[in-house]
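Engineer: Sequence annotations record features per position, and here TrEMBL assigns domain 'Fido' to 250-401. Positions annotated as active site by TrEMBL: 338. Annotation source TrEMBL lists ATP binding site at 342, 343, 344, 345, 346, 347, 348, 349.
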């Protein structure tokens, strides 16, 4: 087992330029050595030849004193100690090794914390039991190192391994998130309290109107992201559903209800959970050959994955896991699985609303218009989706069906169970912060200015509300000036002096 060479001298690895020449170690080296069918981690470990220690987006660079012995066990110890737990890696590795090799590996240091972690992970992931007696003594060791990754605040003790299992999920769905500087800063800022403090200062009437406008704005944005231009009735209907987020239990029946609201005309769409393959992408114009950007989970795996997703959400809610991290894990996990033929994107964004509301991040009777923020950052959204979807394409075998769909030929369920959700969590936190800093204040600010302008028009001209709304809209559309057409038609009763005064007041309030 240990005759292999694992450490690798590199300057470039899988098309990624190293920040300096050095030795690749840990997960990256082991994935390469065993030719494991999985994407390389977002961040790789490198031993510097220049005795330097630092981190960048794609690299964790350490000094030669951190370099592990070139054995499988020592490389695994290094990975667990410095890179955290990679469940997809361990699942793939355990499928490569024999039970005898894994047993021998675990017994190199039978009382060691990293041996016990490897042992626990094998039995947890495989559902099998190694021929090793239960440990009778020794301290309990926490599985997820909270300095590296986010784990549950409550853990379940495994007395056999003397391990505290704080994995934020179940064996059927357990994405993990690394504790980056950005995420730590956001959590320390306590954005929920920041938002509540801001909203408490807003007049209740303005807040209620802002909430109604934001619901409709978010609903329309969610359709726009999908390239659709819904009727106002359809947008209002979906906005009403968003407004109920967090009030209903999250289960399969709720997902089906949401799909029925999203899909206005179901004559040409198979409703409910898929019973065939699925992908996101284009078709080649002449042959109809699928050109996938994302390949959905196999339809045969949907039941296991969705049940796992619900069970993981329950664990997160019970342990008071960070609401935004939970929202990213569940919502992006859902859209990667892509359980429906259509409607996945809008329901994925609804799940963000649901979890933020249910886990009491969003209070004060106002929803977080995350879709509006996502639309403002649509390129970043596309990149964060592709950061998951594109790397796994190389490891999915498929063929074209008669209907120019995709049929997946190999086992892919683990790609949807055990992904790194760090980038998705950072993106959602960016959007939540954007709603607090910009989207909600801009809407409230507009309504306050509108009310000031309306009060002036009421005092001087006693205009009906409908005409006030029309006047302000015309001024908005024409940079604060009433057009010649408006002056000749709807507002022909105004004198030239009155028009000048109205335009000056508009500039005063809105600019």
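Numbers run from 1 along the shown chain.
In case you wondered, yes, glycine gets a Cβ from its N, Cα and C as well.
Give me the local environment of each listed feature.
Structural biologist: Summed and averaged per residue, pLDDT over the domain 'Fido' (250-401) gives 92.
The Cβ of residue 338 (active site) lies under 8 Å from the Cβ of 274, 278, 280, 294, 296, 297, 344, each of these being in the same chain and 6 or more residues away along the sequence.
Residue 349 (ATP binding site) has a Cβ environment of 25 other Cβ atoms inside 10 Å.
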Engineer: I'd like the number of other C-beta atoms within 10 A of the C-beta of residue 343 (ATP binding site), please.
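Structural biologist: For residue 343 (ATP binding site), the count of other Cβ atoms within 10 Å is 21.
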Engineer: Going by DSSP, is residue 346 (ATP binding site) part of a helix, a strand, or coil?
Structural biologist: helix
Engineer: Counting other Cβ atoms within 10 Å of each Cβ, which of the binding-site residues 346, 348 scores lowest?
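Structural biologist: With the binding-site residues 346, 348, fewest surrounding Cβ atoms within 10 Å: 348.
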Engineer: Around the ATP site formed by 342, 343, 344, 345, 346, 347, 348, 349, list the extra residues of the same chain whose Cβ is within 8 Å of the site's Cβ centroid.
Structural biologist: 226, 262, 335, 340, 350
